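> I have a structure here, written as structure tokens, and I will follow up with some questions on it.
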Amino acid sequence: MSRSSGSKITVDSRSTSTDCSPSLLFRLGLHRPALRAWALYDWANSAIVTTIIAAVFPIYFYQVVASELPPGVATRRFALANAAAMLALAIAAPLLGAIADLLPVKKRLLGFFVAVGSVAAAAMFGIHAGDWRAALVLFGIVTFSVSATFIFYDAILPYLANKTEIDRVSTTGYAFGYLGGGVLLACNLAWIKQPDWFGFPTTRDATLPTRFALLSAAIWWVIFSVPLLLRVPEPPLPAVERTKLRTLVVGQLRSFASALKEHPTATRMLLAFLIYNEGIGTIIRLAAIYGAELGISASAMIGSILVVQFTGIPCTIAFGAMAAKIGAKNSIYVGLAAYVVITGLAYYMTSSTHFLVLALLVGLVQGGTQALSRSLFASLMPPERSAEYFSIFAMGEKVAGIAGPALFVAVSSATGSSRHGIASVLCLFVIGWWLLRSVRPASQGDRAVENGAR
């Protein structure tokens with residue numbers, strides 16, 4: 001990869017011998033330093049997603065911080081904080097994407113949200129019993145910040161990877177995320193379960209190991225974000241006349257609406273993703289609650305998170321290899337078919353063994369399906385609007401935590417059965433699959449320029 005004096009990034013497939021060699025780095029899509037630095041950010045942010053959003057903090061909040069609240073009230077307030085953060089992102093994402101497409105600030109905005117989110121995550125170290133209001137505010141800031149970074153992170157990908165590399169790079173990034181989140185979570189659980197091994201003075205403060213786990217996620221996020229900020233060049237910008245930023249942003253948002261019509265394949269891919277990712281997001285966010293209602297033990301559910309993390313590493317990479325043979329779109333079909341099976345099995349689940357089997361199945365397809373969705377979408381959209389398009393893509397990933405669970409609640413409330421609620425998620429995968437059928441992948445050599453291709 002080279003960067004000219006005019007700040008234009010070009011991907012040169014002939015740059016080094018390693019680009020053409022069958023080395024491990026080449027097969028993984030990590031054969032250039034900038035690609036390795038980009039993928040490492042998945043390793044960085046997954047510590048926050050796993051430790052704070054999915055595992056350690058929710059349990060600490062329920063058992064310690066909000067222990068004074070009735071169980072139902074504590075759960076609803078925690079869910080409200082989740083929803084509020086994601087709704088705020090849904091509102092802000094198009095604006096952030098438009099700004100990033102008009103100014104050379106993708107990396108700076110990513111770094112800004114890493115800084116804000118990591119400070120909030122580190123501040124969680126000071127949260128104790130009864131501090132549930134402050135805890136929810138900090139949790140909302142962390143959730144919003146880490147989600148916002150994905151807008152700029154994903155938008156950089158089309159400028160770094162060429163057409164033949166993008167699937168491998170994307171899936172390897174997801175695999176790095178699984179590994180990073182899993183490694184830190186395993187460490188967190190070790191010192192929470194066996195604090196004496198690590199010298200924690202639990203006789204004076206039994207919550208210290210858990211609070212240190214939250215602090216460790218913040219530190220991890222910052223340290224492993226540095227390579228991207230230092231080694232990945234800022235993507236180039238289209239030539240625009242200098243005028244007021246407000247005028248540019250408003251014009252950009254208006255033109256984006258027109259661009260959706262001008263690039264119908266990318267738009268259909270976006271719509272399909274928004275729907276089937278609702279199903280994926282619902283399973284991720286409601287699995288623990290559904291399992292608890294069925295009497296699955298907490299230790300089994302925590303163990304299942306690690307199963308998903310470490311199963312996902314080789315399977316996400318395998319999805320990248322599968323995409324090279326049958327295409328990203330067909331590989332996504334495989335993932336959606338697996339989710340249909342997962343949803344059906346979840347309806348009949350009765351034991352912790354069933355829960356762990358389902359976790360294993362999710363680990364087989366979750367990362368690959370989402371990674372290839374990202375790379376397929378990147379191959380369809382106009383590169384100069386990558387941040388704007390990926391702001392909507394990122395919004396779809398996070399809004400999945402609102403609309404999908406709402407369907408679950410509506411159906412389970414109407415029928416009186418959470419099993420029926422989880423079964424209703426099946427329709428999201430079916431509708432997403434049906435919409436994906438109309439998506440025509442871009443040709444091997446060029447990005448899709450749909451007005452001229454049709």
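Each Cβ is built from the backbone N, Cα and C atoms, and glycine gets one as well.
The following feature annotations were taken from TrEMBL:
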DOMAIN    265-454  domain 'Major facilitator superfamily (MFS) profile'
REGION    1-20  region 'Disordered'
TRANSMEM  40-61  transmembrane segment
TRANSMEM  81-103  transmembrane segment
TRANSMEM  110-129  transmembrane segment
TRANSMEM  135-161  transmembrane segment
TRANSMEM  173-192  transmembrane segment
TRANSMEM  212-230  transmembrane segment
TRANSMEM  270-290  transmembrane segment
TRANSMEM  296-319  transmembrane segment
TRANSMEM  331-349  transmembrane segment
TRANSMEM  355-377  transmembrane segment
TRANSMEM  389-411  transmembrane segment
TRANSMEM  417-436  transmembrane segment
> For the transmembrane segment (212-230), which stretch among 81-103, 110-129, 355-377 has the most Cβ pairs under 8 A?
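The stretch I would name here is 110-129.
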> Please give the sequence-distant neighbours of the transmembrane segment (40-61): residues at least 6 beyond its ends with Cβ less than 8 Å from one of its Cβ atoms.
74, 78, 117, 121, 124, 132, 135, 139, 142-143, 146, 149-150, 153, 173-182, 184-185, 188, 192, 207, 210-211, 213-214, 216-218, 220-225, 227-228, 284, 288, 298, 302, 305, 309
> Return the stretch with the most CB pairs under 8 A relative to the transmembrane segment (173-192), choosing among 81-103, 331-349, 355-377.
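Most Cβ pairs under 8 Å with the transmembrane segment (173-192) come from 355-377.
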